[in-house]
Structure formats: structure tokens, C-alpha cells
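Shown next, in C-alpha cells, is the structure this report addresses.
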């Protein structure tokens with residue numbers, strides 16, 4: 001644990017106000033000028049790092065004093081963070097720059113519970129903060145006086161294009177009635193507090209158009225991406241999700257895909273490139289493309305729904321339509337929200353007095369809040385689909401930055417970390433020291449009850465199927481033992497299926513999940529349609545092309561069900577959606593014949609499948 005530094009920045013009352021000025025965010029018609037003056041109080045003999053872990057800024061907005069507390073965003077970069085660009089002859093150049101002493105911060109405004117703030121302190125102060133419900137931006141003025149900064153409201157930026165901007169994702173709300181019911185649920189503080197964090201390892205990609213737009217200045221593009229990621233991390237922490245930047249890629253020598261104004265084509269091409277190229281050389285969970293191209297119509301973003309962790313479809317595309325990082329961050333958070341199973345908000349969804357991130361149309365003032373509907377949908381997706389790539393919390397030894405008590409991450413030298421003393425809700429943990437209180441054996445974990453290890457034999461993870469036995473506490477640890485499955489290929493459900501990654505996938509259950517009761521696996525003749533290789537009947541996709549099923553593989557393509565429900569008589573019912581082509585396909589590991597299972601669109605011998 002390191003000594004927390006207190007840095008006071010005195011900002012003199014602005015000596016003048018401007019009526020209009022051109023800043024990085026655009027033409028601002030009303031702003032205040034402030035002069036930061038930094039005073040550092042360090043313990044005697046302490047070595048001052050380039051960028052402190054904690055800082056405090058004091059200044060005035062509209063003549064009223066504001067105290068801004070900032071803490072370095074320790075979760076911004078991953079241990080294996082890398083940057084890739086290309087030489088003029090197309091050679092890939094990848095580096096692993098040091099990122100421990102970076103200059104990107106989150107924080108809070110004193111005495112304003114609803115305040116949000118995301119600031120970079122690389123060359124002066126740049127970013128945004130919300131104060132008393134209004135969004136302000138701050139950035140250095142490019143004057144000979146390098147200490148001058150502009151502070152202005154978002155509403156005072158002159159917008160060149162006032163036309164409404166939209167996400168390209170469409171959906172049928174008539175078919176999503178459960179969301180309305182879910183939006184009416186109220187989570188208790190205890191439920192929210194103990195929701196486990198998830199970790200999204202993100203790669204940001206900039207196309208050749210971004211390079212041209214920024215006059216070939218790769219450092220400028222990278223700085224922009226750092227600021228976008230810092231904002232994303234701040235936005236998603238309220239969803240109990242940490243977004244860590246694991247890589248930046250810039251297509252400096254030319255686009256690696258065909259980037260067109262058609263969002264369907266561009267998203268599909270980017271998804272295929274991510275699967276076949278990016279994922280083979282860089283471990284990550286999600287990739288977002290930032291492009292300078294102007295998408296057709298009012299669309300500025302597009303993504304696949306419920307696709308997080310999918311090797312191909314865990315992607316989104318965002319148009320660089322605004323110079324304001326906060327605006328682009330909200331659009332990117334919106335598209336990543338689709339990847340996390342979140343749909344557009346409806347009239348019954350609420351963010352209190354604010355607009356919501358998942359509105360189909362981007363609001364006049366960008367919101368950094370997800371609605372109650374979004375929270376429910378996101379965690380329904382996480383709990384129901386279990387996207388495994390975002391489950392693993394980085395080990396304390398994997399975090400390259402110095403441990404900081406109070407950041408809610410268990411790091412080297414800490415026994416617990418429940419946040420700041422003001423926010424800590426853990427009765428077992430001393431928030432000031434990140435050590436367990438006297439008499440406590442544990443402060444967290446599925447095998448920790450009232451600060452003591454649970455008794456040996458206490459069930460800590462229930463069985464999800466006969467292929468996934470329950471786990472029990474050992475009595476010697478607060479952690480539940482590792483989740484162990486029966487061996488893949490072991491017969492299950494009275495030989496109707498074979499175990500696969502802890503489940504027993506059979507077609508009847510998959511039909512039930514799609515259509516409900518009274519729907520069963522269809523006759524074999526229905527599956528012959530998978531030989532067509534058309535938009536719905538195929539076994540797999542290769543380089544964007546749908547490959548028809550071989551005769552022996554027809555039961556490993558599109559799923560066909562027989563609907564016997566009242567008023568229905570459909571012997572070959574199937575599900576297909578342009579938004580999610582994979583939904584409705586027979587799941588991997590499903591039995592496709594005696595001693596055979598589906599694997600990569602083929603019906604193979606279970607003895608050799610795994």
C-alpha cells in the first residue's frame with residue numbers, strides 16, 4: 001500500500017470571460033478562464049512520481065468554489081497492454097509501452113453525490129465533470145500562457161449538425177415484454193453491493209480515415225483512445241464492470257477491411273477480421289472500431305446484440321462524428337452495451353432526471369447513466385449466458401501498478417479492500433488499512449460467513465446440471481473450490497446427450513429455450529434444409545460465406561423444432577434473425593447421432609471430439 005498524496009491546485013478566480021473561442025471540442029460561445037496553481041504536500045523524503053495517485057483541485061465555477069478529488073484509474077491498462085501500427089510497406093509494428101505512470105484519473109466532487117468526472121492530467125487538465133446536474137468540460141488553452149484553462153458547459157458548444165444521431169440497431173419491442181417486467185424490479189443495496197465485478201479486456205482500432213483526419217499524428221489518435229477508454233471505464237463501473245484497455249491498433253498504412261458507409265457491411269467485415277486476424281495475435285474480449293467514414297443516414301454506431309466473448313461478433317463500430325471525447329465515449333458505451341445483451345430503452349425505462357445511454361437516439365446532452373432496464377438486461381445476459389471471457393478477475397500479481405487501498409481491488413499486501421472508509425460496507429474489513437479486523441478470518445468469498453470460514457461441506461456453488469457437480473467449502477478458505485465439470489463426452493440425461501463444458505445440450509432443451517412448452521425436436525427431414533447454404537440453412541461460415549451442411553452434418557446447422565402448441569401446426573419451425581445469425585443454430589456438443597456430437601459445424605465421433 002502506498003502513501004496517498006494530497007495535491008492542492010489553487011485556481012485563481014478567472015480574470016476574464018470569453019464570448020466565443022475555438023477549442024478542441026469545437027466553437028464555444030461562453031467560457032471561463034482559470035489558472036491552475038499546483039501546491040504539493042509530500043511527506044519528508046518522499047519521491048514525487050510524475051503523476052500522483054491522488055490529487056485534489058480547488059477552483060470556482062460561476063463564482064462558486066468547487067473541490068475536485070481525483071484518483072488515478074488503476075484499471076485503465078492491462079498488464080499486457082500493446083500498441084500496433086504499420087509501416088508504409090505494410091509491416092506490423094507492435095510495442096509494449098510502459099503504462100504504469102499514466103495520467104488518467106477518475107474522482108468525485110466534494111458535497112455533490114451525483115457528480116461524475118473523468119480527467120486527463122497529461123498536459124494540463126482535460127476532461128469533463130458533472131456539477132449540480134450540468135456537464136462541464138475543461139481543457140488547456142493553447143496560449144503562450146500555458147497555465148490558462150477554459151471551463152465551459154457542454155450546452156455552450158456550437159453544434160455544426162443538429163440533426164438527431166442514432167444507433168443502427170433495430171429491434172421489435174413487442175417481442176420483449178419480459179424487459180418491461182424486469183424494469184419494474186428494485187434491487188436492494190445488498191444485491192447491488194455483492195454483484196461480482198466483470199472485466200472486459202478491450203482493443204480499440206482506428207481506421208486509415210482516422211489517420212488522414214489527424215494528419216498522420218498517431219500520438220494524437222492514441223491519446224484520444226486513452227481518453228475514450230478512461231471514460232468507458234468510469235461509465236461501466238456503475239454496472240459492476242471494469243473496462244481495461246489491452247490494446248490499441250491503428251491502420252496507418254491502409255484499412256485492413258473495406259470500410260463503407262453501409263454499417264451492416266462494415267460491422268460484418270470488422271467482425272471477420274477480428275476473428276481471423278486480431279484474436280489470433282492479441283488476447284482480448286471485445287473490439288471497437290473508430291472510423292472517420294460517414295455512415296449512411298443518421299447512424300453513428302452499430303453492434304451485435306448479446307455477443308460479448310463470441311470470437312467473431314464481440315465487436316462494435318463507431319463513427320468519429322464529434323470532437324468531444326465524452327460524446328464518443330457514450331456512443332461506444334452504447335454499442336458495447338448491445339454486446340452485453342442490452343437493448344434500446346423504452347418509455348418505461350428510467351435514469352431519474354437524466355437521459356439514458358441506451359436510448360435509440362443520442363440525446364442533446366450525452367448521458368453517462370444506464371437505465372434500470374439496462375442494468376437488468378446486462379446482468380440477465382451475464383448470468384444466463386455466462387460469457388466466460390469477462391469472469392476472470394486479474395490476480396493481484398497481474399496488476400502492474402502499485403497497490404492502492406480503497407480501489408476495491410484485492411492487491412498484493414492487502415487482506416481485503418472494501419473501498420473508501422466512507423463507502424465501505426464490509427464489517428470484516430478495516431477500510432483504512434485494507435486489513436481484516438481483529439477476530440476476522442475473512443472479508444469476502446463464497447465460503448465466508450460473518451467474517452468466519454464456512455463449515456466444511458457447506459455448498460458454495462450449486463449444480464447446474466448432472467454434468468456440473470456442486471462444489472463445497474473446505475472449512476480452511478473463504479473461496480469456493482474451482483468449478484469442476486464432468487469430462488466432455490460423458491453420457492448424460494439417460495444417454496440422450498453428452499456432457500459439454502458442464503452442460504448436457506440436447507435439441508429438446510434448445511427448442512424449449514427458443515419457443516417454450518409443447519415444442520420438440522423436429523423430424524430428420526426438416527434438417528435437410530441445412531444443405532442449401534442459403535441465408536438460414538447452413539453449418540458454418542468461412543470468410544463470411546455460409547457453407548452448406550454435408551449430408552452427415554445436417555443436424556449441426558440450423559435447429560428445427562416441431563411446434564405442437566395450441567393453434568400451431570408447424571413441423572419444421574426454425575429461428576433466424578439478421579441481428580444475431582448465430583441464435584437458433586444447434587449448440588456445440590449437441591448429440592447428432594449415436595456416439596456423435598456437433599463440433600464446428602460437423603457431426604463427429606464423441607471419442608475424438610474433445
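Including glycine, each Cβ sits where the backbone N, Cα and C put it.
Sequence annotations record features per position, and here Swiss-Prot assigns signal peptide to 1-20. The annotation pyrrolidone carboxylic acid is assigned in Swiss-Prot to 192 on the grounds of experimental evidence. Residues annotated as domain 'Peptidase M12B' in Swiss-Prot, with sequence analysis given as evidence: 198-394. The annotation Ca(2+) 1 binding site is assigned in Swiss-Prot to 201, 285, 389, 392. Residues or ranges marked as disulfide bond by Swiss-Prot: 309-389, 351-356, 418-424, 428-451, 447-473, 460-480, 467-492, 492-504, 511-561, 526-572, 556-598, 561-572 (among others). Feature annotation from Swiss-Prot assigns Zn(2+) binding site to 334, 338, 344. Annotation comment: Swiss-Prot describes 335 as active site, evidence class sequence analysis. The annotation N-linked glycosylation site is assigned in Swiss-Prot to 372 on the grounds of experimental evidence. According to Swiss-Prot, the domain 'Disintegrin' annotation covers 402-488, on the basis of sequence analysis. According to Swiss-Prot, the Ca(2+) 2 binding site annotation covers 404, 407, 409, 411, 414, 417. Among the features that Swiss-Prot reports, Ca(2+) 3 binding site is placed at 468, 469, 471, 483, 484.
Overlay of Swiss-Prot feature records on the structure.
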{"residue": "285", "record": "Ca(2+) 1 binding site", "CB count, 10 Å": "23"}
{"residue": "335", "record": "active site", "CB count, 10 Å": "24"}
{"residue": "404", "record": "Ca(2+) 2 binding site", "CB count, 10 Å": "21"}
{"residue": "417", "record": "Ca(2+) 2 binding site", "CB count, 10 Å": "23"}
{"residue": "418", "record": "disulfide bond", "CB count, 10 Å": "22"}
{"residue": "447", "record": "disulfide bond", "CB count, 10 Å": "25"}
{"residue": "484", "record": "Ca(2+) 3 binding site", "CB count, 10 Å": "10"}
{"residue": "556", "record": "disulfide bond", "CB count, 10 Å": "29"}
{"residue": "561", "record": "disulfide bond", "CB count, 10 Å": "24"}
{"residue": "572", "record": "disulfide bond", "CB count, 10 Å": "15"}
CB contacts for residue 338 (Zn(2+) binding site) [other CB atoms within 10 A, all chains]: 25
Zn(2+) site shell beyond 334, 338, 344, criterion: Cβ within 8 Å of Cβ centroid: 167, 169, 301, 303, 335, 337, 342, 343, 357, 358, 360
Cα-nearest neighbour of residue 598 (disulfide bond) within the listed recorded positions, 335, 338, 344, 407, 409: 338
Within the domain 'Disintegrin' (402-488), residues counted as helix, strand or coil by DSSP: 0 helix, 15 strand, 72 coil
Distance from residue 418 (disulfide bond) back to residue 526 (disulfide bond), taken between C-alpha atoms, in Å: 56
DSSP three-state assignment (helix, strand or coil) for residue 335 (active site): helix
Fewest-neighbour residue among binding-site residues, criterion Cβ within 10 Å, set 468, 483: 483
Collapsed DSSP category at residue 344 (Zn(2+) binding site): coil
Top Cα neighbour of residue 309 (disulfide bond) in the set of recorded positions 407, 447, 467, 473, 492: 467
